[in-house]
Amino acid sequence: MLTFKEFAEFCSVIEKISSTLELTARIAAFIRKIEDEDDLYNVIHFLMGRIFPPWDEREIGVGVGLIYEALRQVTGVSKSRIEQLVKETGDLGLAAERLLKEKKQTTLFQEELTIKRVKEIFEEMAKLSGEGSQKRRVMLLTDLYVSATPIETRYLTRLILGEMRLGVGEGIIRDAIARAFGIDSSIVERAYMLTNDYGRVAVVAKKEGKDGLMRMKIQLHYPVKMMLAQVAESVDEALREMREAAVEWKYDGSRVQVHYGNGKVTIFSRRLENVTSALPEIVDEVKKCVRENVILDGEVIAVKDGKPMPFQQVLRRFRRKHEISKAMERIPLIVYFFDILYDGEMLIDLPLKERRKKLEEVIGESEIIKVAQQVITSDPKVVEEEFNRAIEAGHEGLMLKRLDSPYTPGKRGKLWLKLKAVMETLDLVVVGGEWGEGKRSHLLSSFELACRDENGRLLRVGKVATGFTDEDLEELTELFKPLIEYEEGKRVVFQPKYLFEVAYQEIQKSPKYESGFALRFPRFVRLRDDKSVEEADTLERIAKLYEMQFKSKGG
């Protein structure tokens, strides 16, 4: 049985490694030696800063505030002292480790933490609700800290916050599993795209090898990574790639994956979060209009007086946990289905043309449930006419899809292309902010933004302070307050959780930020809480956009 101390000591070693190849090799060697299946499953998730797989609804309900309180109880120091250490180290995990080093007294009969025990405590936290639940969470957290060595405290704290600071993303985990068990990384990746659970993939790879992974299939009520589209600069470029294309409107809504089987409907968001309880009218309508035993891909839009409402209204529905019937009246929804992944058997390897036929067979349309309209053409004029119709109807543009394209979960490529009316924006992680002045001193007024590098590290590219309404700032302040790790004067640092879509005039080289780039005149477009931190734009993409604009200026 693996102890949490062994895991923490391993993390402290790989935290210092910058080489992707060496990091992958070390992780492969470590996981290869793990005998217990549960330990292997949990370690895979823990390395990525996850307690549960991304599709699992459970949350432990512990934020920065409860960690401060538990540390205060365990060490006896004041909250201001903890905040001071966080400012000095820039990391609540390191601050917790230092506090435990300063205050630690060896307890007789101290329980040794194992990976299993840590997971059990987290599972217990996730079950808590109602009156007294926060006190109980603090008690469980103090129990963990009392049993932990200082180095364990560093990684327990980071794990709770979902930020291990190891530079370990899905790509490294994929390659480490492949290397550990002698399987091609493309097979490991496909198994992950179908199950969305690298822990499960690692266990099957260890037990059953390549053949076991090849047998892994889509399962009802477990989300599948969604297929993504690449941007096309023009209609001509898109048709050059495809010749003949299936043309569909790009609806200004939010992506959903709907599973219906065994009398039950489950709805997952683009982030693969379970949003079923927030969308009861869609659940009811699916049961009436859709044949059972299917997995469908679609887009939910909010509609008022026959016209689409802003995308943000759909996300408000997704976030709603109380007074859902009132929200249904204020923000009525329609779902447009455009693909089918499963109808009792896996369909993702069939060409789009065949999947479309099956989609039309399993759906009976209603006011809420629709099949996305589709035109098949190779004529640029037809595409342009369809594009104008979509824009006039209040949507984003068009999707062009190859008729022979399989459904490739989690992949972004040229099999699907998107044409949009506006310049491409960036989706960036919000990592910090600043309090306003005067009447706005209680509100956050600007936000620091970061992109991801190839290992998932967050690198700042500037800050945004324009494009916000007063209502936006009120809502965003409430959203980000629980994520504050520490404050330094007016500046605050957040636990990274949410993305902003940001427009900008141009990208500049800048030594001011770790990324080496800065956005000129950035402007807030919208909160993208339908996307995860892992889906933020990358340093590679920003560098490409910089080069493209540089060339267009004749530089």
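Along the chain as shown, residues are numbered 1 onward.
Positions of Cβ are set from backbone N, Cα and C atoms, glycine also.
TrEMBL lists Glu248, Arg255, Arg270, Glu299, Arg412, Lys418 as binding ATP, and of Phe338, Phe387, Phe447 the one it places in that same site is Phe338. In the three-state DSSP scheme, Arg270 (ATP binding site) is classed as coil. A sphere of 10 angstroms centred on the C-beta of Phe338 (ATP binding site) encloses 23 other C-beta atoms. Neighbour density around each Cβ, counted as other Cβ atoms within 10 Å, peaks among the recorded positions Lys250, Arg412, Lys418 at Lys250. Largest Cα-Cα distance over the residues recorded as binding ATP, namely Glu248, Arg255, Arg270, Glu299, Phe338, Arg412, Lys418, equals 19 Å.
Taking H, G and I as helix, E and B as strand and the rest as coil, DSSP gives the domain 'ATP-dependent DNA ligase family profile' (326-453) the counts 32 helix, 53 strand, 43 coil. For the pair Arg412 (ATP binding site) and Lys250 (active site, N6-AMP-lysine intermediate), the C-alpha distance works out to 16 angstrom.
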